[in-house]
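Swiss-Prot annotations:
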type	residues	note
LIPID	Gly2	N-myristoyl glycine
DOMAIN	32-354	domain 'G-alpha'
REGION	35-48	region 'G1 motif'
BINDING	40-47, 175-181, 200-204, 269-272, Ala326	GTP binding site
BINDING	Ser47, Thr181	Mg(2+) binding site
REGION	173-181	region 'G2 motif'
REGION	265-272	region 'G4 motif'
REGION	324-329	region 'G5 motif'
Amino acid sequence: MGCVTSQEDKAAVERSKQIDKSLRMDGEKAAREVKLLLLGAGESGKSTIVKQMKIIHEKGYSQEECLQYKPVVYSNAIQSMIAIIKAMGQLKIQFGHPDRAEDARQFFALAGHADEGEMSAELSGIMKRLWKDVGVQECFSRSREYQLNDSAEYYLNALDRISAPGYIPTEQDVLRTRVKTTGIVETHFTFKDLHFKMFDVGGQRSERKKWIHCFEGVTAIIFIVAMSEYDLTLAEDQEMNRMMESMKLFDSICNNKWFTETSIILFLNKKDLFEEKIKKSPLTICFPEYTGANTYEEAAAYIQLQFENLNKKKDTKEIYSHFTCATDTNNVQFVFDAVTDVIIKNNLKDCGLF
């Protein structure tokens, strides 16, 4: 009888050890699983960050995948030109050369029938002539007065290359493409022995109600702000300043009861565009109380402070801020490396392994 009890005790001890081991393994596995939620207003650069993860942490874009973006490149270039020509009418800007008015008429006729994935020599020729026109360039320089894609200048400057026979989009061309994100896009990758699940959520106001079920159990939120949009209004609401909308959204995320334990990482994005714009467009457009110089360093630091000051729990919650250029692979790689180190440290702490 005593022998049986002893065997039962041994079995119980063994079971207990197995349970402990299993719990430990589950804890370590949980510490290695990272759920990242990408949040931010529309057109802040969330989808570009997702594309960079594919380039940096997966195998990048194959030639076949790049070719799939060809229609998007053409569509972005054509839509940008359409936006500029239409804005010339609104802003009462004349073409520099009278022949360009006929080119514009031809352009609209051809643009509507452009074969998907192809750009005819006639269409590209017209677009090149229009893009060189001084009136078109004047209108482009006033793009804050209407809605224009960030990639407009990039593609229109590259018309020779992108309209050449046999054109295959480069990874940089792919990074610059703009397609509105609807719904939720999930990306998986492994980095530093961590298994990442990244969720890109539609930033336009109409999409926000779809976010909520992504929130539970999220490791960190990467909130993306387009710094260069301090002087722009929303595509969905011409009265609302984009930076103010971004701050409003950040306030609601940062101080949300669901995220008291969640790391908040702030990407102050489009720093390259901001650096160019701040020379011409004063920060007081968005922040009338700003008295600093219109230099990149001072103005960028001021924007960072405005966002960090929205944090109502400074004693217990830290905002990890980074200045980013989402189209610059090296910059994103460097920043994401730093972000991952913070996540590892916080994850191990949460799982009692640090």
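Cβ from N, Cα, C; glycine included.
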Local backbone state of Val201 (GTP binding site), from DSSP in three classes: strand
Integer Cα-Cα distance in angstrom, Val201 (GTP binding site) to Ser47 (Mg(2+) binding site): 9
Tertiary contacts of the region 'G1 motif' (35-48), as residues 6+ beyond its ends and Cβ separation under 8 Å: 150, 175, 178-181, 185, 196-205, 211, 214-215, 217-226, 229, 234-236, 242, 245-246, 249, 253, 267, 269-270, 324, 326-327
Spatial neighbours of Val179 (GTP binding site) that are distant in sequence (at least 6 apart) but have CB under 8 A: Ser47, Val72
Between Ala326 (GTP binding site) and Thr181 (Mg(2+) binding site), the C-alpha gap once rounded to whole angstrom: 16
Close in space, distant in sequence - Leu175 (GTP binding site), Cβ under 8 Å, 6 or more apart: Thr48, Lys51, Gln52, Ile55, Ala326, Thr327, Thr329
DSSP-assigned states of the region 'G5 motif' (324-329) in counts, ordered helix, strand, coil: 1 helix, 0 strand, 5 coil
Binding-site residues compared (Ser44, Val201, Asn269) - highest count of Cβ atoms within 10 Å: Asn269
Residues of the region 'G2 motif' (173-181) by DSSP state, where helix covers H, G and I: 4 helix, 0 strand, 5 coil
Among Ser47, Thr181, which are binding-site residues, the residue with the most C-beta atoms within 10 angstroms of its C-beta: Ser47
